[in-house]
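According to TrEMBL, the protein carries these features:
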- 8-425: domain 'Major facilitator superfamily (MFS) profile' (DOMAIN)
- 12-35: transmembrane segment (TRANSMEM)
- 47-68: transmembrane segment (TRANSMEM)
- 75-91: transmembrane segment (TRANSMEM)
- 97-119: transmembrane segment (TRANSMEM)
- 131-154: transmembrane segment (TRANSMEM)
- 160-181: transmembrane segment (TRANSMEM)
- 217-234: transmembrane segment (TRANSMEM)
- 254-277: transmembrane segment (TRANSMEM)
- 284-302: transmembrane segment (TRANSMEM)
- 308-330: transmembrane segment (TRANSMEM)
- 351-368: transmembrane segment (TRANSMEM)
- 403-420: transmembrane segment (TRANSMEM)
- 437-462: region 'Disordered' (REGION)
Amino acid sequence: PQGIGSPSVYHAVIVIFLEFFAWGLLTAPTLVVLHETFPKHTFLMNGLIQGVKGLLSFLSAPLIGALSDVWGRKSFLLLTVFFTCAPIPLMKISPWWYFAVISVSGVFAVTFSVVFAYVADITQEHERSMAYGLVSATFAASLVTSPAIGAYLGRVYGDSLVVVLATAIALLDICFILVAVPESLPEKMRPASWGAPISWEQADPFASLKKVGQDSIVLLICITVFLSYLPEAGQYSSFFLYLRQIMGFSSESVAAFIAVLGILSIIAQTIVLSLLMRSIGNKNTILLGLGFQILQLAWYGFGSEPWMMWAAGAVAAMSSITFPAVSALVSRTADADQQGVVQGMITGIRGLCNGLGPALYGFIFYIFHVELNELPMPESASGGSVVTQYHVQQNSIIPGPPFLFGACSVLLALLVALFIPEHTNLNIRSGNWKKHCGSHGHPHSPQAPGEAKEPLLQDTNV
């Protein structure tokens, strides 16, 4: 296969790191451009932009996953990374086009589903939860330093340099995929020509949702993912804007917050996740992650001081163990030639949340009149940041109403997850898919005899 060396988890890790490092550099400039472009109803517009992107991801994820199962992962890694990073150069050229292209890029903003399928191709089942944890931790690691670097370069040299640097890193990622990443899907599993039939049933996102309901265990997992990721998607889309504009954080403070959260998430998704999987099992690991998520969302909802945001952020890092745990469960219980479809299905649920969550959070912010009426001045004469409206909701009982709604949603997810069995066997095949697999299928990730099964499964989008 074309590429450097044999397919490995490290190829996938580098692809994810470069893509989200490029976007991380733009954290501070994006918040500024967003507020300058939409000075009124900033949170509402932010929610709508992210909402359209998420809904398009939901519609396209199953198709891209299914196509990657037939035509290979490399070409779809290239496609998703290219279109996900396409809006970056437009930030300084035309902010309106920048936000428009971000919305449309949701059609291909499903890099994670292709990467998880890539990892599933080349790992044994007992290695998969650790591999998924490494990929998720790499996503967090890419955001440890990039927002701080972007904020510093923007302050010293201007945002234009930051945009150029982010564009260069995105191009580097594309070149890396072209030159270095080998194909992970065995040749014998792929058809001889690009004209191979694809079952439109498995590519239709709504058909895949109907298929979810055919197996009660799949249904429980998907409901858990939906209820837990809906508030998480809304939170990720608006939280840094909330810190910057409402809680009075400076650009440097926001970057430091992301860095600390990223470091703690890396520790949680590698060392802590591995220990929990071995000691308490997959199901209990999921339940623990959901419990931490409820705590951090409630803390965000009632918190009115900056130190409360920092404390809740530390708890949020522990809640990040849920996503890789669910991914491990779903991939372990699906056949080797179905990994792209299964991951596409879960990513489709998350894509639906990426559409509904930000729009819902923006609407709740709008209902409760959480807005900044004036632009903050960049720097005061003494060199400190001046924020014209600080602690707007300080006297409110619930300073962050959407976060409290999110805590209630995750509580429901926790109740649903209680009914997921510790060991399960998923059956999501359709008749057409069985027929298709009869000619092209070939198991290449066998489970070692006597191996214990492990369960459960982001964001981040950032």
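Glycine too: its Cβ is placed from the backbone N, Cα and C atoms.
What TrEMBL says about a protein is an automatic prediction, not a curated fact.
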Intrachain neighbours beyond the transmembrane segment (351-368), with Cβ under 8 angstroms and 6 or more residues off its ends: 41, 43-61, 106, 110, 225-226, 229-235, 237-238, 401-402, 405, 459, 461
Remote residues contacting the transmembrane segment (403-420) - C-beta distance under 8 A, at least 6 residues beyond either end: 217, 220-221, 223-224, 226-228, 230-232, 234-235, 283, 286-287, 290-291, 293-294, 297-298, 300-302, 360, 364, 455-456
Of 12-35, 254-277, 308-330, whichever stretch has the most CB pairs under 8 A to the transmembrane segment (160-181): 12-35
Contact call for the transmembrane segment (131-154) and the transmembrane segment (284-302): at least 3 Cβ pairs under 8 Å, seq gap 6+: no
Averaged pLDDT score, the domain 'Major facilitator superfamily (MFS) profile' (8-425): 78
Closest-packing stretch to the transmembrane segment (97-119), where packing means Cβ pairs under 8 Å, from 47-68, 217-234, 284-302: 47-68
Stretch among 12-35, 47-68, 75-91, 217-234, 284-302 sharing the most Cβ pairs under 8 Å with the transmembrane segment (308-330): 284-302
The transmembrane segment (284-302) vs the transmembrane segment (75-91): 3 or more CB pairs under 8 Å: no
Same-chain residues at least 6 beyond the ends of the transmembrane segment (75-91) whose Cβ lies under 8 Å from its Cβ atoms: 15, 19, 22-23, 26, 29-30, 33, 64, 67-68, 97-98, 101-102, 105, 107-111, 114-115, 118, 159, 163, 166-167, 170, 173-174, 177-178, 181
Contact call for the transmembrane segment (254-277) and the transmembrane segment (47-68): at least 3 Cβ pairs under 8 Å, seq gap 6+: no
Contacting positions for the transmembrane segment (12-35) when only residues 6+ beyond its ends and CB under 8 Å are counted: 42, 45-46, 77, 81, 84-85, 88, 91, 95, 98-99, 111-112, 115, 118-119, 134-135, 138-139, 141-143, 145-147, 149-151, 153-154, 159, 162-163, 165-167, 169-170, 172-173, 176-177, 180-181, 240-241, 244-245, 251, 254-255, 258, 372, 375, 460, 462
